[in-house]
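Annotated in TrEMBL:
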- 1-40: region 'Disordered' (REGION)
- 1-14: compositional bias 'Basic residues' (COMPBIAS)
- 15-30: compositional bias 'Basic and acidic residues' (COMPBIAS)
- 42-109: domain 'Histone-binding protein RBBP4-like N-terminal' (DOMAIN)
- 232-275: region 'Disordered' (REGION)
- 232-250: compositional bias 'Polar residues' (COMPBIAS)
- 274-307: repeat 'WD' (REPEAT)
- 319-352: repeat 'WD' (REPEAT)
- 368-403: repeat 'WD' (REPEAT)
Amino acid sequence: MDPQAPKKRGRKPKPKEDKKDEPKMKESTTTKRTAHQHAVDDKYTHWKSLVPVLYDWLANHNLVWPSLSCRWGPQLEQATYKNRQRLYLSEQTDGSVPNTLVIANCEVVKPRVAAAEHISQFNEEARSPFVKKHKTIIHPGEVNRIRELPQNTKIVATHTDSPDVLIWDVEAQPNRHAVLGATNSRPDLILTGHQDNAEFALAMCPTEPYVLSGGKDKSVVLWSIQDHITSSATDPATAKSAGSSGSIIKQSPKPGDGNDKAADGPSVGPRGIYNGHEDTVEDVTFCPSSAQEFCSVGDDSCLILWDARVGTSPVIKVEKAHDADLHCVDWNPLDDNLILTGSADNSVRMFDRRNLTSNGVGSPINKFEGHSAAVLCVQWSPDKSSVFGSSAEDGLLNIWDYEKVGKKVEQGPRTTHYPAGLFFQHAGHRSVTSNCILPLICILALGF
């Protein structure tokens with residue numbers, strides 16, 4: 001049975017055409033789709049031939065089901081030739097088995113250790129020996145987004161097709177078998193406050209145990225989970241070792257077993273609800289240096305900056321940040337003046353918040369156009385302030401350096417022209433690249 005098609009990011013339905021033209025339209029659509037698939041296959045074949053030249057190391061792990069979200073967790077072990085890294089990913093099924101949140105351990109081989117022969121002989125249909133499933137959580141609905149708590153990465157938050165945010169202590173959760181009829185795992189905490197589904201916009205604060213979310217109700221909701229986790233959860237000196245039993249999230253007086261209803265878990269109301277968008281909020285992120293400052297983007301083409309200290313109204317609202325819906329945003333962890341946005345107009349834009357004003361005036365300081373379809377994810381490098389990645393519906397993961405914009409590049413007669421700032425392109429997928437970028441010493445991307 002083929003996995004179902006990947007879900008789309010809040011697209012507005014197009015108006016229906018005249019039924020007389022339907023046969024011609026279907027034929028034209030089929031022809032275009034076939035031509036597009038041939039082009040994608042040719043590009044993938046070319047990419048595969050260059051794998052030994054492009055990468056220090058590459059692991060290809062074939063999944064049974066599509067993955068809507070993937071996320072690096074903490075580094076578990078350092079060794080001479082490879083490191084062991086936690087990896088969170090999701091499995092979006094067709095209903096024959098439950099949807100799952102998967103906790104895996106990934107062995108990342110260090111540069112110049114992996115043999116080029118091994119890299120060149122990878123099989124895209126095989127499961128990598130470097131990726132081992134550690135635990136499975138049966139998730140109540142699809143896992144659209146995964147975020148870990150920086151103060152303790154044993155705690156992760158997930159978004160599904162509901163108004164709630166689910167909080168999981170992944171070490172305390174029992175390992176489950178995803179079989180038809182199995183009951184859902186019980187979240188350790190449920191964050192309530194949205195009035196409609198909140199599917200994608202989710203962030204964890206880097207400085208405090210705060211959670212941020214956006215949804216179809218056009219609102220941004222902020223929670224504090226400080227009072228609902230034990231002191232060991234945020235204190236590295238007393239944090240429990242991986243694999244220990246007992247949740248680091250405080251339990252309700254009557255804890256339940258696995259149940260089909262996620263609402264049976266203990267719930268927490270919002271710290272604040274922020275209104276300013278006129279359409280679905282697609283992504284949110286915190287300022288790296290302040291738990292009180294955050295920003296959001298949505299299908300209203302707006303970029304909004306908020307400050308919880310001055311109220312629930314926008315501090316800065318850029319009315320036309322892009323020429324179409326905005327799908328993603330990220331705040332530079334090394335330079336908190338810089339914000340990236342990605343859009344259905346196929347572009348990535350970079351804003352300097354010092355250039356933005358409260359009346360909505362502000363232009364991007366850079367535009368990056370290297371995708372041929374809607375951009376679904378942007379993410380800054382944690383190591384270099386000028387480097388970031390973007391992934392899109394064209395199946396590409398682009399790596400950019402804005403410091404290279406405007407610099408002269410020596411080009412030979414056969415040199416292909418590339419967009420300004422683009423210095424690496426990962427083309428190892430033949431379908432939509434998921435809502436995630438996984439930066440490490442190599443590029444490892446999970447897709448459909």
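Note that Cβ sites are derived from N, Cα and C of the backbone, with glycine treated the same way.
Automatic, uncurated: that is what TrEMBL annotation is.
Long-range contacts of the repeat 'WD' (274-307) within the same chain, counting only residues at least 6 positions beyond its ends with a Cβ under 8 Å from a Cβ of the stretch, are 9-10, 12, 198, 200-208, 210, 212-216, 218-222, 313-334, 336, 339, 341, 343, 351, 353, 356. Across the domain 'Histone-binding protein RBBP4-like N-terminal' (42-109), DSSP classifies residues as 13 helix, 29 strand, 26 coil.
When pLDDT values are averaged over the repeat 'WD' (368-403), the model yields 94.
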